[in-house]
């Protein structure tokens, strides 16, 4: 790893203390489950050939080790207790408690727990490894005990994520050598990126105390007074922006550029390029919402959302695709939102692309994008280069953990830099609790007026609340956080928290041995998304001209293992040995169905039949592309490990296999097989509408209920975009921010 990085991104448990609260019997059951998921195996069980750059000693170590070894079960319990929904915690603890008893083991495992020796019935941890594996294989497919299946799926994800992302104080994991993974040690950063570009505008509450915070804020040019009776710091400014991502960063820049004093609240921390470690585990923990392990309430979908200065733009995969014409037409005509048919919006897209340095070329593509491009070309399919907010020769597979080279131009490197230069102040480690609302008496038609935000620092050393009073308040926390904040503030519009679109994702994979493929590289090397194939719609009256888009993902070993199907311990270890050459393609759909998020951390969502059909078409096309690119084996992430070896079947059999592929429901569904979906794009949960029946905010982004409260993030988009939405979010935010500037001008008259 890079020698210099931020302590929070370095890895290695600092205090060696676990505080998950699990009993010793529960931990014993958990460790025995972890052992089944990733067991120790004899070397004679190894059936596949190791890769040339991997030593037999490294493979032997990996083959003999187990996920039951300290500290993995404790890490799993820690993640579970701190990051998971309460229902999941209760379910899993009940299962672990039952498995710690003989009667409970009999209820969950049946006759396999019987023994010839006294007391004749074993608890789970006393059963042989072989019998425990048979039990978990039964759980995997059993349609009558789906809660147990869900518990297994949850533990499988956490166990494998913890095992393959755990690092010591030196940033190393001994299993990585066996699977051919390494973290880039590139220390050469551009001179412009060596410093902290936002330093003069940042107040980091994790470094503050009650006695220092007021002085730090005052030194940044803010009007601060102490209300010692109520233990509140009162801050006055022109505009308060909650969130620093694609929407908040743009808003802060535009408003401060118009001469207004802006304060940005960000609950995450600030990291400069030199701070990034490219370590999957510590980076996910610090840079993503809920440490990158945020699941829907039924655990069907895992959601990725940024939680750091720069928000999603700091950790996204660089794709910069303009809003499709068909989408703009739909929003302007079907939703009567004239903004999206104006030259103002088209001009905003150009301004955004120029500010974040979008380029449309790619000098050298990484392995997975080579696979996508070659497969499409061999099939005669159109494949496009994806514009990125980096240079054409940017060859970095670590941008999902923050770009260590400082080339990717997130808001923390662009819009927020402009804002700080214009006097904006960014307060990190500070979470908004509610908007400050009062009854509106000025006859604007809105019942409430927003006066600012009440917030709290997340550092235990700062116990004072912050009451930030402003002329305008902008909510830019993203589609998962803006609705709960508005609802907790007392707003009632029925659209708040509804209409949530996720761009659901399923993956397909193909294995390309180095000895049989002309495509070079490993899946974690090179630009993450540089190519895209659009699966066209055959119906001119369809919801979209494109049924699905096919791109490539960023998959560190922890994410790869978490999403990969588990059939047995042996099969899984063999899959991991093939990790660096197992190319993945993601199928993303423009979902017509929508979910809801009205309480923080609780997302409900279900695909429609229309969406499933589009997903099926995308998955099948992705498999054809992988085969055409030269994969020797292809498959999906369906729970039963659905796959086929390309050279061992006829063309007709291959076609039959591909035609059989379709998306499944989640682990709680009654079917034998199931899927885990992912989502990195959340939109529409506080959508713009022509009236308060159609949306939560108007065409200017202002709440229909509260004067002076604006939304400026992905939540105000009317529908799903259908492509990577960063340019759409920033362009919409740019237009909304300029309208907020106009609002402030009118307010001064």
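Numbering starts at 1 and runs along the chain as it is shown here.
Using the three backbone atoms N, Cα and C, a Cβ is placed for every residue, glycine included.
Taken from Swiss-Prot, the feature active site, proton acceptor applies to 681, supported by similarity to another entry. Cβ neighbours within 10 Å of residue 681 (active site, proton acceptor), excluding its own Cβ and spanning all shown chains: 29.
In the three-state DSSP scheme, residue 237 (FAD binding site) falls into the coil class. Around the Cβ of residue 237 (FAD binding site), a 10 Å sphere holds 22 further Cβ atoms from the protein chains shown. Residues or ranges marked as FAD binding site by Swiss-Prot: 237-252.
Sequence annotations record features per position, and here Swiss-Prot assigns transmembrane segment to 94-114 (among others). Beyond the transmembrane segment (94-114), the same-chain residues lying 6 or more positions past its ends with a Cβ under 8 Å from any Cβ of the stretch are 22-23, 25-26, 28-30, 32-33, 120-125, 127, 131, 134-135, 138, 145, 148, 151.
Annotation source Swiss-Prot lists transmembrane segment at 144-164 (among others).
Each residue contributes its Cα atom, and for residue 237 (FAD binding site) and residue 681 (active site, proton acceptor) these two points are 32 Å apart. Under DSSP, residue 245 (FAD binding site) is assigned to coil, being neither helix nor strand in the three-state scheme. The Cβ of residue 249 (FAD binding site) has 35 other Cβ atoms within 10 Å, all protein chains considered. The binding-site residues under consideration are 243, 245. Their Cβ neighbour counts within 10 Å are lowest for 243. When Cβ atoms from all protein chains are considered, those within 10 Å of residue 241 (FAD binding site) total 35, not counting its own.
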